[in-house]
Structure formats: C-alpha cells, structure tokens
Amino acid sequence: MANEKFIRNKPHLNVGTIGHVDHGKTTLTAAITQVLSTRGLAKSRAYDQIDNAPEERERGITIKTSHVEYETEKRHYAHVDCPGHADYVKNMITGAAQMDAAILVVSGADSVMPQTREHILLARQVGVPKIVVFLNKCDLSPDEQILELVEMEVRELLSQYDFPGDDIPVIRGSALKALEGDAHYVAQVNELIETLDTYIEDPVREVDKPFLMPVEDVFTITGRGTVVTGRVERGQVKAGDEVEIVGLKETRKTIVTAVEMFKKDLDFAQAGDNVGALLRGINREDVQRGQVLAKPGSVKPHSKFVAQVYVLTKEEGGRHTAFFSQYRPQFYFRTTDITGVVELQGDVKMVMPGDNAELVVTLNNPIAIEEGTKFSIREGGKTVGAGSVSKLLN
C-alpha cells in the first residue's frame, strides 16, 4: 500500500511544548490533539502514546522525542514533546526539532520552577523566535490573585531573557480537565490553538532565504571544469548565478555555469536538493570539503564565537571526565571537523559530562558560521557534545 501523500495546501509550522517537569506539557499535547480531532483536524493521541517517545539519533546523540501532527483551519503543525528534561536540552541544542515557536507550560499551582527558567534561556540561545504561555492546572488554584501573581512572574522571567514578556499571550486553563471534556477548559485549549494561528507569523521558508550549500565533494570533469556536490541547505541556485566560496581560505567569487541532479540538468536547485554545481574558472585545488557556496555577502567566515553546548554523559558514549579551559577538541560544522580551543565562562572552572554550558570557542581556521549554526564536538572521531553558536565574536 502506498504511503499517504502529504498535501501542501496550508503553511507549515513547527512548535513544541517546553517547561518544568510535571507541569503538564504532555497532557496539554494530548488535549490539543483531542480538541482538534472533534473537528476532524487531528488524530487524538492519548497521554501514554505521546509519553512513550521513540529514541532518535541526531549529531551522534540519542534523544527521546515524540512528534505529533495536527491541523487548524489555517495551518499544518508539527508538534514536538520530549519526555525528560535532558531530552529537551539535547533536542534544542542539536536542533533535532527546529521550533518556529514554543508553548511554555507553567503550572498555575506551582509557578516558575528551575527548568522553566532553563528552557526559556535555551529557547533564547538557540533562537526560538516566539513563545506563547499556557498557565496549566488552573482548576487546582482557583484563587484569581494567586494566578495573577504567577502570570506576572512568568512575564517578568520572559522579559529577563529578551522575550516581549508584557505582550506575550498567556492562556489560563487545565489540560487534564480539557481531556476529560470539561467545556470551560476545552474552550481554553481552543483559545490556545487560535493564539498559535494568530500570534505566530508564518516562518520564512528555507527556499526563500539566501542560497547556501555546504561543499561535500569536489571533482573535475574533463573539458567542463570543477564540480562541487552537496545538499542545498537553504535558498535556490541556478545556472548564471554568482556565488561565493566561503571558509578555510580567502573568500572568492565564481559563477555557477550548470546545476545537475542525478546526471540531469536542473533549471534551479532549492533547499533539500542534493546537487552538483559546475563552477567557472575554479580549479580542483581552489575548493574543498568544509567550505560553503553562498549568495555573495550573505555569510562571512568566523573563527571565534560564544556557544551553548550540551556535553554527553559517559553512558551516552561521551567523556568519562570533566574538561577545563584550553580543552582542544574538534568542532564538526556541516561537513568538516576543525580543531578549536575552549575557554570556560564566568566562574565556571570545569565542565562535567551531562552539563549544559556556555563556552567561547576559537577555531584554527575561519569557516562560514552564523548565530544559530549547529555543530558537534568530537574527540578521536566520536561525538562528545553538541552545540549551537549563540554569538559571533570576530
């Protein structure tokens, strides 16, 4: 039997639930699917179906993640929910599930907790553009004044991390009561869904962003010239376009004279395509794996940056011991390993396996990176951590 076809008749958005353990993230995810299933826009997923998340591997790291999909009248949503706190940290840092927006779930009965803060900080550092708040368990804390205080605390915390705390929509409800079919609380879940549709803009599609393709391989075709192959990360490219070769060496411009996929000429290549690009006036030794082809001026080479990283535990196949400033692992960006030196920040003296830390990294060679670029940290070919560039320093 053929797979069901994915019909692209609505804008697509990636969302996820974030927040402290036991504040109701998974229950809310189940409630959203149940409420939408009554309108024929989702398959209802029970709590234990979502909680029993399969393991996935991303950048050499195992992460438990549940993917749920649903539609509204306006959009198609892919919703990610992680069972454990460590899974959230790993998921957000590796970019395993890129979020266009997050639903921050805070228990009205408990208010802000340590992971509430940590997830907001992570959302800021990995570049989640929008957050909406669902104040959950309001049935357990019916005192209006207490809920007002909790809401104020959440808004202040969001502002502290540069989200527009005063303007972010806060919906009060009870995911459990909504699941049980209580009409008042079902209405609150509907309000949350409507807020997702209206408060979050359609994301700029990858194909509309400036062209970028990491170079995976380079070879010469006799009589035609040098071809570089790779997967287009974003944007589009066609024969006649001017591009820059960025990273590792001096940036240089060239013209793409042909684009091919599976030995056939393409009118244009776009995000997601695996292609070969024929370059004018470029020799085999002028370009190498680890560089990128990009729209001129859209990306610059950098060698120093601040990063947010997650360090694997021994059980996850990571280091058995802590590391300190001057640690020199390899940083794997897109298609290549580059050695770099780590400096720990603030009063942090060492980073232990399992830690989530902020580091300053100086690479031996400059490469094409931007805020939000993801990388792995490797030692002797095995992954010991994952990171995301949070700020460029040169």
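Including glycine, each Cβ sits where the backbone N, Cα and C put it.
For 19-26, 81-85, 136-139, the entry in Swiss-Prot reads GTP binding site, with the evidence type sequence analysis. In this structure, Lys25 (GTP binding site) is part of a helix by DSSP.
Positions annotated as Mg(2+) binding site by Swiss-Prot, on the basis of sequence analysis: Thr26. Over all protein chains present, the Cβ of Thr26 (Mg(2+) binding site) has 24 other Cβ atoms lying within 10 Å.
As annotated by Swiss-Prot, domain 'tr-type G' applies to 10-204.
Same-chain residues lying 6+ beyond the ends of the region 'G1' (19-26) with a Cβ under 8 Å from its Cβ atoms: 47, 50-51, 66, 81, 83-85, 104-107, 110, 112-116, 119, 136-137, 175-176. Positions annotated as region 'G1' by Swiss-Prot: 19-26.
Under the heading region 'G2', Swiss-Prot lists 60-64. Along the region 'G2' (60-64), the predicted structure has mean pLDDT 76.
Among the features that Swiss-Prot reports, region 'G3' is placed at 81-84, with the record citing similarity to another entry. DSSP states for the region 'G3' (81-84), grouped as helix (H, G, I), strand (E, B) and coil, give 0 helix, 1 strand, 3 coil.
Under the heading region 'G4', Swiss-Prot lists 136-139. Within the region 'G4' (136-139), the DSSP-based counts of helix, strand and coil residues read 0 helix, 1 strand, 3 coil.
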Non-local residues, at least 6 beyond the ends, that sit with Cβ under 8 Å of the region 'G2' (60-64): 53-54, 82-84, 87, 90-91, 94, 96, 310, 312, 316-317, 376, 378, 382-383, 386
For His85 (GTP binding site), nearby residues of its own chain (Cβ under 8 Å, 6 or more apart in sequence): Val21, Gln115, Glu118
Within-chain partners of the region 'G3' (81-84) [C-beta distance under 8 Å, separation at least 6 from its ends]: 16-17, 21, 25-26, 29, 50-51, 53, 63-66, 68, 91
Euclidean distance between Cα atoms of Thr26 (Mg(2+) binding site) and Cys82 (GTP binding site), Å: 8
Nearest-integer angstrom distance between the alpha carbons (Cα) of Gly19 (GTP binding site) and Thr26 (Mg(2+) binding site): 10
Rounded inter-Cα distance in Å - Cys138 (GTP binding site), Thr26 (Mg(2+) binding site): 16
